[in-house]
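Reviewing the structure listed below.
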Amino acid sequence: MESNNISHLVLQSFHNLSQWNMTNHTYHIHEVSVSSMVIGALAGMIAAFTLILNSTILIVFAIDSHIRTPFNIYILNLTFQDWTIAAFSMTGFVALAVSPGWPWGWAYCGVFLYLDWATSACGLYSVALISLDRLWALFWPIHYRQRRNGARTSALICLGTWTYIQVVIAPCIAMDRFLYGFRDPRICAANQNAQPMYNSILGFSMYMIPLMIVFFSYTGITIKLRKRKKPKAKVSPLDLEAPRTVGTDTGPSSHTHNHSTSSDLHHDQKAKDKKARKASPVPTAATTRSKEEKEMKKREQRLFRSLLTLSLVGLICWSPGIFYYMVSSIAPAIFSETFFNLVVLLRFVSCGINPIVYHFSLPDVRKAVEKLFRIG
């Protein structure tokens, strides 16, 4: 009898949790209002804009092998994740906003939830990988050049990260769909209260950790670059003058003699340099090496600017939603549908901004895009 009472209490508690989710989660059955239509329209425009821009970048990577550098592989990875978010997460969000309930059935709801969670985590980890790559290059440049000598390494790192994310997220979604999920096909939401511990661990490992990596990498790189830009101590022209020998005559005759000797030596040196340039098969090797070093430094600076911009966009657009998700999972009473919709839209905006950042901060990507559209 006692066991039956306990079972009844457990079932009743689970029923209460389900009822709370059905009535309080943003994906519940609702009447279509003007505000929800506006949110749906905004999300639809962001989705179309994001798909066009990221599709352009993907096409450029597909047809131009020259831009598939080790660093740009991370850019390709982030572009693919942004495209996937636009194609699945954004379209599902639009459907939920402009219709009373989920319009595409129970099965596709599981696909939508899985892709929504996984692609969001992959997008954040893509920015985190870019941050770690630049951090490595800045603080340990010699080790970086020795170890990072091919695009294959970058591709394997991206694949490993993607696999890790699937291993963490897939079981949670599977258990939710088959054990704890809502059976009403009009409701497309994860029953997060049924797996509170798993969801807390998932939220921290999938979303909070990469955000922290981006934040600390951004901070460290910014401090290091500012130290590099500090002006060096100026050397006085007097310090560069040759010391005079004690007792040297400084009269007019001595000055004339020194000037003549200096002029002759300068003339002889010019003649020797001219002969050396004619005799040497590679006369400008040092100059070429110097130019290559300058170009490499310029490229590194552009990559750092690209990273810092991507990191800033990620921190601004993702932080509100992630912190809100973590807090609301602990204290569900603070849930606000309006705020939830706003942070989701902000997250979507970052997916459309990223390809614009590539275009303006990465010359090789910009040239490839211009070549695709026959610009310039």
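Every residue, even glycine, has its Cβ placed from backbone N, Cα and C.
The feature transmembrane segment is assigned by TrEMBL to 37-63 (among others).
What TrEMBL lists as domain 'G-protein coupled receptors family 1 profile' is 53-358.
Outside the transmembrane segment (75-98) by six or more residues, the chain places 26-27, 32, 36-37, 39-41, 43-44, 46-47, 50-51, 54-55, 57-58, 61, 68, 104, 111-112, 115-116, 119-120, 122-123, 126-127, 129-130, 158, 188, 310, 341, 344, 348, 350-352, 354-355, 358, 362, 365 with a CB less than 8 A from a CB of the stretch. Per TrEMBL, the feature transmembrane segment maps to 75-98 (among others).
Marked as transmembrane segment by TrEMBL: 104-132 (among others).
Look at TrEMBL and you will find 153-180 (among others) tagged as transmembrane segment.
As annotated by TrEMBL, transmembrane segment applies to 200-221 (among others).
The region 'Disordered' annotation in TrEMBL covers 234-297.
The compositional bias 'Low complexity' annotation in TrEMBL covers 253-263.
Marked as transmembrane segment by TrEMBL: 303-327 (among others). With a threshold of 8 Å between CB atoms, the same-chain residues lying at least 6 positions outside the transmembrane segment (303-327) that come near it are 71, 78, 124, 127, 130-131, 134, 137-138, 200, 203-204, 207-208, 211, 214-215, 217-218, 221-222, 225, 334, 339-340, 343-344, 346-347, 349-350, 353-354, 357-358, 361-362.
Taken from TrEMBL, the feature transmembrane segment applies to 339-358 (among others).
The transmembrane segment (37-63) makes contact with the transmembrane segment (339-358): 3 or more of their CB pairs lie within 8 A, with pairs spaced 6 or more apart in sequence. Tallying C-beta pairs under 8 angstroms between the transmembrane segment (200-221) and each of 104-132, 153-180, 339-358 places 104-132 first.
Sequence-distant contacts of the transmembrane segment (104-132) (same chain, six or more residues past either end, CB-CB distance under 8 Å): 71, 74-75, 77-78, 81-82, 84-85, 88-89, 92, 95, 157-158, 161-162, 165-166, 169-170, 172-173, 176-177, 181, 183, 185, 188-190, 202, 206-207, 209-211, 213-214, 217-218, 221, 307, 310-311, 314, 318, 347, 351.
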